[in-house]
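J.: Below are the structure tokens for one structure; questions will follow.
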């Protein structure tokens, strides 16, 4: 029993080492911060400065000319997987909410309506607007983080994602065992319930836990 | 050895005063956590980026407010950006000046906005000179062969 769980943990950590995050933010400073936060937390990072560039990277826009856009947009941070064809491997998207042209919410909806719908999308915002947070979580966001994002936020996100990956792995194993598509429906509904539980958790815990400085008043 | 201790004490006192007087908040401490041997200049780099960015924003704001018909949406967008970046580096007083500025944008008060811009410029230059002093102290400690105290 112990040996099995040890092996299981190793494979999760192995996966985490190659975890590739696509970070989307129009602010150069925030991109630099996020890149550093993620790198310190052992993720691979690619930064882009708009929703459009994110969609291009994911191969979700009409023009298939990925090379010029993907490299030129990662200005403040380097992608450790530049040799790979852009769009082949992304495990997590972290996006700012307020961006010109395409908001983080728009990007979320586009991703959730695409072949990338199963990867977690985390929204970030400097503004604490409950209705906005609800809207994003309802729209399929895995988490909603308040800026400035800190190492402690990523640590919480990490454990959340490990559970998420665990479910995904179990689902994959199940799919391998069973040939029938019928089981997919069961898997998806189980997956959904688990995800909803995390979303509810995010909603109830985030606002109070996340405010380190209670003195700060939210004035917009 | 004495010189190093003196400098370190100066550094600690100065840093403490910056937090006490509200120039810096916890986010600046968070920035320090992101600096290590592999990225020894991270804080300075981010701060420099911030000041480059904010010079441009201040110019854009001045231009926007000089227009015959002021586009308050545009002004607000600039201030929002400024608020975000100052918040990201822990420049608390600059951030607060932005918060006040946004209120006047909402009121579409041209004189209020101009006053806010002046205040924002003041806070910005204050922050800049204080951080320059702080970084200079750091350099002096390192040059003397000491290590920079970690503020927790």
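Yeah, the Cβs are placed from backbone N, Cα and C, and that goes for glycine too.
Pulled these from TrEMBL:
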- A:20-162: domain 'Response regulatory' (DOMAIN)
- A:96: 4-aspartylphosphate (MOD_RES)
- A:172-220: region 'Disordered' (REGION)
J.: Counting across all protein chains shown, how many other Cβ atoms sit within 10 Å of the Cβ of residue A:96 (4-aspartylphosphate)?
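T.: By my count, 26.
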J.: Please report the DSSP secondary structure of the residue listed as '4-aspartylphosphate', reduced to three states.
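T.: DSSP call for the residue listed as '4-aspartylphosphate': strand.
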